[in-house]
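Below is one structure; the comments refer to it alone.
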Amino acid sequence: MAFAETNPAASSLPNGDCGRPRARPGGNRVTVVLGAQWGDEGKGKVVDLLAQDADIVCRCQGGNNAGHTVVVDSVEYDFHLLPSGIINPNVTAFIGNGVVIHLPGLFEEAEKNVQKGKGLEGWEKRLIISDRAHIVFDFHQAADGIQEQQRQEQAGKNLGTTKKGIGPVYSSKAARSGLRMCDLVSDFDGFSERFKVLANQYKSIYPTLEIDIEGELQKLKGYMERIKPMVRDGVYFLYEALHGPPKKILVEGANAALLDIDFGTYPFVTSSNCTVGGVCTGLGMPPQNVGEVYGVVKAYTTRVGIGAFPTEQDNEIGELLQTRGREFGVTTGRKRRCGWLDLVLLKYAHMINGFTALALTKLDILDMFTEIKVGVAYKLDGEIIPHFPANQEVLNKVEVQYKTLPGWNTDISNARTFKELPVNAQNYVRFIEDELQIPVKWIGVGKSRESMIQLF
């Protein structure tokens with residue numbers, strides 16, 4: 001071979017690879033926290049725990065339709081678009097290309113949290129935004145509301161969206177008419193022209209929509225000045241973080257597995273991939289850099305809005321879970337529907353995400369029950385089905401097979417180790433582990449940081 005002649009050392013290389021460079025996976029691994037049910041599992045709390053010694057905390061998908069609550073020093077912070085890990089003053093927060101950003105919402109959220117306590121001081125210097133992230137405009141949000149109204153009028157039911165413009169902006173993205181952060185900060189004249197075209201498209205689709213185009217552009221110019229120092233090439237930033245000195249990088253998933261656009265209970269889902277694949281596409285990183293994948297599971301099941309919910313308890317049990325768990329959406333304030341834990345759903349979420357461990361939250365909400373049911377199988381026409389149905393009509397028809405476990409009927413909110421939990425509470429956790437074949441790493445028994453019991 002000519003190459004071998006010009007490179008005599010090549011012949012001594014193993015496998016006869018003639019000195020060709022070989023790509024080897026390397027670099028830091030990212031730790032991922034994902035919701036395993038329909039959202040509101042307590043992801044923010046797990047992220048808050050892990051963010052205490054993290055260097056970078058990332059958001060990879062969704063927008064300000066998510067809602068995370070974190071309590072630090074008795075101050076309750078609410079996050080929708082910002083990674084909740086930004087509460088740690090030593091953390092760099094990164095909003096990836098898969099996230100959709102409503103600029104007024106971003107600044108409003110930051111300013112509200114700054115007024116609550118010291119957790120967000122200096123946030124503007126600690127936030128990096130991918131230049132490839134798409135922008136949510138006010139008319140996307142207005143169109144979201146109109147679409148919901150139309151669904152209600154035409155079909156008698158809507159999707160129960162948060163009306164934050166998430167569906168419309170992802171539609172613009174897929175239609176290649178959306179605008180990104182790089183457009184805003186690089187060439188405002190070019191951005192303005194494209195904004196006018198997009199706004200006029202929306203006005204022609206929704207004749208009742210009123211858009212003050214010049215007024216909007218004036219506002220956006222003001223936001224552009226403020227946001228410009230935060231906008232960076234996200235792919236390059238993350239590559240440097242992965243391949244530079246050792247760093248702890250945390251990814252905070254928004255929404256949850258059963259709300260995923262592909263794998264969720266479609267059409268009652270969000271518009272992004274909130275399963276593990278969305279981490280790679282939403283940040284611009286290869287799958288071999290994904291390390292631990294933690295699934296966050298509430299000790300029972302909740303869902304906001306309409307859609308199939310096999311283990312729902314539309315009765316006193318559901319009401320007790322709702323009031324004890326204070327089940328109201330952080331983003332919408334809507335009451336959450338409540339039911340027993342569903343292991344069929346969790347096995348399905350695990351098939352997609354490959355959870356390495358679980359965080360089981362709000363176990364203390366079950367303190368009042370003398371017996372607790374867990375959904376272990378679905379039956380259709382009297383036969384057990386081995387999968388989680390994709391079709392909503394089919395999912396609505398399944399009959400859940402339950403396993404009844406004895407409750408502990410005692411307050412566990414002061415437990416700080418696994419051994420301090422009553423035996424029946426320990427058995428409940430072990431039953432979940434055995435059925436799912438995934439270890440439980442944390443158990444939540446209250447709202448504060450201290451009330452997360454770590455098992456290993």
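Placement of Cβ uses the backbone N, Cα and C atoms for every residue, glycine included.
Positions annotated as region 'Disordered' by Swiss-Prot: 1-24. Annotation comment: Swiss-Prot describes 39-45, 67-69, Arg336, 362-364, 444-447 as GTP binding site. The substrate binding site annotation in Swiss-Prot covers Asp40, Val330, Thr331, Thr332, Gly333, Arg334, Lys335, Arg336. Residues or ranges marked as IMP binding site in Swiss-Prot (evidence: sequence analysis): Asp40, Glu41, Gly42, Lys43, Asn65, Ala66, Gly67, His68, Thr162, Arg176, Asn255, Thr270, Arg334. Look at Swiss-Prot and you will find Asp40, Gly67 tagged as Mg(2+) binding site, backed by sequence analysis. Residues or ranges marked as active site, proton acceptor in Swiss-Prot (evidence: sequence analysis): Asp40. Residues annotated as active site, proton donor in Swiss-Prot: His68.
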Worksheet item: What are the non-local neighbours of Lys335 (substrate binding site), defined as same-chain residues 6+ apart in sequence with CB under 8 A from its CB?
Response: Gln322, Glu327, Phe328
Item to complete: Translate the DSSP assignment of Lys335 (substrate binding site) into the three-state scheme.
Response: strand
Worksheet item: Which ones are near Val330 (substrate binding site): of the binding-site residues Lys45, Thr69, Leu363, which have a Cα within 10 Å?
Response: Thr69
Worksheet item: Roughly how wide, in whole Å, is the group Asp40, Glu41, Gly42, Lys43, Asn65, Ala66, Gly67, His68, Thr162, Arg176, Asn255, Thr270, Arg334 that binds IMP, by largest Cα to Cα distance?
Response: 34
Worksheet item: When you measure from the Cβ of Lys45 (GTP binding site), which residues in the chain that are at least 6 apart have a Cβ under 8 Å away?
Response: Val70, Ala359, Thr361, Gly444, Arg449, Met452
Item to complete: Please determine which of the binding-site residues listed here (Gly67, Gly333) has the lowest count of neighbouring CB atoms within 10 Å.
Response: Gly333
Practice prompt. Count the other Cβ atoms sitting within 10 Å of the Cβ of Leu363 (GTP binding site), across every protein chain shown.
Written response: 25
Discussion item. Taking DSSP as the reference, which of helix, strand or coil describes Thr69 (GTP binding site)?
Written reply: strand
